[in-house]
Amino acid sequence: MKRQLILEDGSFFVGERFGSLKETTGEVVFNTGMTGYQEILSDPSYCGQIVTMTYPLIGNYGINRDDFEAIRPHVHGFIVKEACVKPSNWRGELTLDEYLKEKGIPGLSGIDTRKLTRLIRQYGTLKGMICGLDVDPVEAAAKLRAMEWPRDQVRRVSTKSAYPSPGRGERIVLIDFGMKHGILRELNKRNCDVIVLPYNATAEEVLGWHPDGVMLSNGPGDPKDVPEAIEMIRGILGKVPLFGICLGHQLFALACGANTEKMKFGHRGSNHPVKDLRTGKVAITSQNHGYTVTHESLSGTRLEVTHIALNDGTVEGLRHLDVPAFTVQYHPEASPGPEDANPLFDEFLALIREFNKKGEVIHA
């Protein structure tokens, strides 16, 4: 069955339907990863987006039980050049098509994904609609241009109540702004005693758990849409070691007086080189973000840039000069992608132990 993708600029792409038949709208973005589509589909950071995979053949190893990053997906659509109909992998239990149908996610295949990607690179991310051929592109484009982005995406994907993931090591409070399970898995590997809190937890609630450290997770949307989190971060700075990832990095920067802005088309993929300015080493990282901390806004703050993206020079890591806190824009847990940056979790635990030695950590 033929379906189409209509963009807000009036352009449209006709392809083959797979997955759900429902009509959908969202921000059309692209991901440059060759693999990891299951983790991408289940990453809450993609809430409200229609994801285009630049690699031409997707679905080769099917869908398994183990590689999900959240209980349910939040993507609004999935676009590929070719969707594999006969996957081959010993763990695979569903085809990509079967999974999308089960979760109600519309898919589109057979379009020129290279042309679509170049369009996004040239003009920036665009609002789009996956729909039937009976929809008029001109009328749909006008509706898309008038459509406003939702501002409550973090609320949609965050846990509604606190829950534990017990361990015998350091107690970590993990703030869930749309947390990937990969972050929790990395903390569990290190035997951390984790308490997951919702995005709107107050500083008093966070400190009430008497944590050894606080982690700020990834999540979707504009960091300025989560003012309560910015206030919470200000309330805990200096009282407990802090480590932020992706959206958590941006919220930390805002809490410290810096600014963020929307990128033209963002960083999404598992092959982004990042340079550590302290060591000169380069790591290949997994990334998924459409906003960035602006260099010029760091002047006058007590933040130091620790990492930059080699492709465009944007800020990829920050460290506070006065308190035990650091953040990165990329995903050290990978899931999917390379694990070059995985030692950052160990760096966080080392920071906690150093903080404890000084007798500064808050306990009951």
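Placement of Cβ uses the backbone N, Cα and C atoms for every residue, glycine included.
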* Asked: SER11, SER20, SER42, SER45: which one does Swiss-Prot list with GLY219, GLY221, LEU247, GLN250, ASN288, GLY290, TYR291 for the L-glutamine site?
  -> SER45
* To do: Determine which residues of the same chain, besides SER45, GLY219, GLY221, LEU247, GLN250, ASN288, GLY290, TYR291, have their CB within 8 A of the center of the CB atoms at the recorded L-glutamine site, and list them by sequence.
  => GLY178, ASN218, PRO220, ASP222, PRO223, CYS246, HIS289
* Asked: Listing them in sequence order, which of the active-site residues CYS246, HIS331, GLU333 have their Cα within 10 Å of that of GLY219 (L-glutamine binding site)?
  -> CYS246
* Cβ neighbour count (within 10 Å, all chains shown) around GLN250 (L-glutamine binding site) -> 30
* Would you mind listing, in sequence order, the residues at least six apart from GLY221 (L-glutamine binding site) in the same chain with a Cβ closer than 8 Å to its Cβ? => CYS47, GLY48, TRP149, PRO150, ARG151, GLN153, VAL154, LEU247
